[in-house]
Amino acid sequence: MSERIIMDEAAIQRTVTRMAHEILEYNKGTENLVLLGIKTRGEFLAIRIQDKINQIEQKIVPTGTIDITHFRDDIEIANKQITQDAIEIDADINDKVVIIIDDVLYTGRTVRASLDAILLHSRPIKIGLAALVDRGHRELPIRADFVGKNIPTSKEESVLVYLNEKDSQNAVIIE
């Protein structure tokens with residue numbers, strides 16, 4: 001199977017910078033802003049966006065992670081134990097503008113699961129969505145507010161995001 005590099009390290013850096021600016025513009029600054037990255041690569045992207053926002057505004061935005069394991073609808077988990085542990089952040093997200101961050105937006109099911117996790121225990125003012133890659137093929141009425149790159153794909157193709165923090169390289173590849 002052939003693979004195509006869609007984004008290299010420099011393209012990812014530029015995209016993260018642009019997305020940070022878009023999030024700041026959307027929120028009119030950093031007030032009440034919280035970033036939540038969906039494990040695993042979304043959490044690394046959230047930290048990168050947090051760093052960019054800090055460089056731009058000289059303010060550290062509260063940033064955490066969402067583990068959607070117990071909220072997925074495509075696997076059966078014995079004795080589903082839904083706890084607040086799905087969200088890890090050192091800040092209250094009630095009455096905040098929460099931006100969910102993920103690497104690839106595809107069917108929308110991961111985002112639905114993250115919404116379930118957030119809304120189970122909190123009530124944000126507003127929830128937005130940022131995705132490094134939007135590949136289409138939605139199964140749910142979900143769209144990203146901030147998109148790094150729209151990449152039309154077939155359902156047979158895979159979009160792979162590699163980030164230094166996990167994969168020792170930065171690239172977005174289609175195979």
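Placement of Cβ uses the backbone N, Cα and C atoms for every residue, glycine included.
For Val159 (substrate binding site), applying a Cβ distance below 8 Å and a minimum sequence separation of six or more within one chain yields Ile6, Val104, Tyr106, Val133, Arg135, Ile151, Thr153, Val172, Ile173, Ile174. According to Swiss-Prot, the substrate binding site annotation covers Thr40, Arg41, Asp102, Asp103, Val104, Leu105, Tyr106, Thr107, Gly108, Arg109, Thr110, Arg135, Val159.
Here the motif 'PRPP-binding' (98-110) has Cβ contacts under 8 Å with residues 23, 27, 33-38, 41-43, 45-46, 49, 66, 68, 72-74, 118, 124, 126-142, 144-147, 159, 161, 163 of the same chain, all six or more residues outside its ends. Annotation source Swiss-Prot lists motif 'PRPP-binding' at 98-110.
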Check your understanding: Going by DSSP, how much of the motif 'PRPP-binding' (98-110) is helix, how much is strand and how much is coil, in residues?
Key -> 2 helix, 8 strand, 3 coil
Review point. What kind of secondary structure is Thr40 (substrate binding site) part of, going by DSSP in three states?
Key: coil
Revision key, fill the gap. Around the Cβ of Tyr106 (substrate binding site), other Cβ atoms within 10 Å, all chains included, total 20
Check your understanding: Among Thr40, Arg41, Asp102, Asp103, Val104, Leu105, Tyr106, Thr107, Gly108, Arg109, Thr110, Arg135, Val159, which the record lists as binding substrate, how far apart in Å are the two most distant Cα atoms?
Key -> 18
Check your understanding: In sequence order, which residues at least six apart in the same chain have a CB under 8 Å from the CB of Gly108 (substrate binding site)?
Key -> Arg138, Glu139, Leu140, Pro141, Ile142
